[in-house]
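Undergrad: The structure's right below; bear with me while I get my questions together.
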Amino acid sequence: MGKRDTTYSERSFEEADSSSGSSFMVGKSFIGNNEELKRRFTDPLALILLFCVWGVVFWIGSWSLENGNISMLVRGTDYNGRKCGVDFMDDGSLLPPKWYVTDFAGNGKCIETCPRKTILDPISTDDLICKETVDISQIEGCSDDSFQNVNSTAQHLILCGGCMYEMKTYDVMNFCLPSSFHGLFDAINKAANETGYAEIDKSFFSERFIYVGKFARDLMTSWKIIMYAGIGGSTLFGFLYLVLLRLPILSKVTIWTSVVLMPFAFAVGGYMLSELSMRYSLPEFQDEYTKTTLQLMKYSGYLLYIVAFLCLLLLIYLRKRINLAIGITKAAAKSVSEIPSTIIHPFIQVMFFAGFVAAWAYITLLLASTGNPVEKSASAFGHSIAFRIYTFDQNTKYWFWFLLFSLFWTAQFILAIGQITLSICFAKWYFTEDRDYGIETNLWSASLTAIYYHSGTAAFGSILIATTQFIRSVLLYIQTKAKRSGTDNKCIQCVLSCLQCCFCFVEKCLKFINKNAYVHTAIFGHSFCKSGREAFELILHNAIRFTAIGVVQEIAVIFCRLFIVIGTTLGGAYLLNEHKADQLSSLFSMIAVIFVISWFVSSMFIGIFCTAITTVTQCFLVDEEVSYKVKIWTHAI
């Protein structure tokens, strides 16, 4: 570490701040002025509350384990409610382990092996997968003596719900799932016509299920290229973009070109609308466009001209601050590239989140297995087919909602810990004056600091967002129930939609406040409320700068995403075309998978990059406000 300037070390930081003419008051201790910031445990009550929530989740899991049976969900259940491979038949023998569907209501039968061929023109019931004879005789409409012809009897047994065609299937966790529905619905409709029933709509199932089967096979064929190109390629392009962003000429030219193009684009849009309104006002177009439409186009063009002019004035006013924002963006890119361990942080987060989701899903499935079976019936081709659904008491329904809230809170908590960890890394990087001796921070030590001292702050901030998300989920549930019940009250739908928009806005605001509060906590070690208040004061005190930084950040984020996604997708498309094109049924679908993966990886890079920009921005402003040292980075930026 280089020697620090002690010009302001003998007086309080409030005095230094006051002498510099700033109204923003900061604490006496933070990363920049203290080699070992004396941190304390922040917001412990919020962390205790989170532990209590996890304890209740564990209790729900324990209760569900005693009262439920998860094999009911992971094992197929036959039409008599017996679990395949677990329960016993009437003669005492164990039921076969595989499950195969036997009627249109979704009832199934336990069989020894999944069928490997398709028979859509059966000559006898031996070519069908049927329920037990004694059970078929008790099904309404299946014991009609008027059907004497063998083929007609087979068709009739399918329509009444006693049997199903034998189809080639895949064995997926002991469930026999059809590899293709090609020809199935034609055969069913043929049988329906011959027996005087209406045809069923085959468009949805036949097209989509066939595509799903082909998609799964293509995925198994090309998964190595998809993983290498999607994850490895995206990471490579992300690092390359950070390197390119540090080049002075490239970053300035790119960002300034994008900024200048904004008013130009509005002006071009206004010109096009004005020209179109003049062109379509000619006599030959009078029948196609009304006077109101032409006036709307004309005045919309004028409005875009005004917006372009205002944007131009704003850019002229913000020109110096945009250069400052470019400097901060370059410094943020440098911080990420000089602490490369931060790149793996999102993947670590994903691992922790996946572990929690796996445990949460297991507990949710256990709770779902405590349902009570209720007999229902469905009508198909004039026959009534019985099936079972599972219902839950009111307390169990409340527990499902509680589990959903715990998922929201824990997910946001993991993200919050990650933001604080990254902010500690970047803040220490910023206040390291002499990097020739190395940077006294790494992802591991920052993670320990964030978890040990500031888990409570992460829990406090995350519960605010989780509560908002939970309220939005309840509103969505109410909207869905209202639509399913046939209630077409436009007023109620309008109110619910407005509430959704309001809480969506609240969630966005909370995320902005949380992000800056976490950065402030990383720098000063304060609690959530104090960090949020001081960060908000800092933003208000530098509102115009934050506006310029926000514009530049969005431009950098857009180019980052485009650079990673386009580069990765083109590279993956080339590899797939060269090595797997003749083995795939749809090359485009696999390219789309690479596109989606690269989009998520780019989102991880963008999350790191945005955290770096926010942290460097606050560090720069604190450095400037406090004026305690030689401001190496302040002058550089």
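Yeah, the Cβs are placed from backbone N, Cα and C, and that goes for glycine too.
According to TrEMBL, the protein carries these features:
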- 1-23: region 'Disordered' (REGION)
- 1-14: compositional bias 'Basic and acidic residues' (COMPBIAS)
- 45-65: transmembrane segment (TRANSMEM)
- 225-247: transmembrane segment (TRANSMEM)
- 253-273: transmembrane segment (TRANSMEM)
- 299-318: transmembrane segment (TRANSMEM)
- 347-368: transmembrane segment (TRANSMEM)
- 398-431: transmembrane segment (TRANSMEM)
- 451-475: transmembrane segment (TRANSMEM)
- 555-576: transmembrane segment (TRANSMEM)
- 588-621: transmembrane segment (TRANSMEM)
Undergrad: Same-chain Cβ contacts of the transmembrane segment (398-431) under 8 Å, 6 or more residues past its ends?
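TA: For the transmembrane segment (398-431), the nonlocal Cβ contacts are 31-32, 50, 53-54, 56-57, 60, 331-332, 335-336, 338-339, 342, 345-346, 349, 352-353, 356-357, 360, 363-364, 367, 392, 439-443, 446-447, 449-451, 454-455, 457-459, 461-463, 465-467, 469-470, 473-474, 514-515, 518-519, 521-523, 608, 611-612, 614-616, 619-620, 623, 633.
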Undergrad: Using Cβ distances below 8 Å and needing 3 or more such pairs, separated by at least 6 in sequence, tell me whether the transmembrane segment (45-65) contacts the transmembrane segment (555-576).
TA: no
Undergrad: At a C-beta cut-off of under 8 Å, are there same-chain residues at least 6 beyond the transmembrane segment (225-247) that contact it? List them, or none.
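TA: Residues packing against the transmembrane segment (225-247) from afar: 219, 329-330, 333-334, 336-337, 343, 556, 559-560, 563-565, 567-568, 571-572, 575-576, 579-580, 590, 593-594, 597-598, 601-602, 605, 609.
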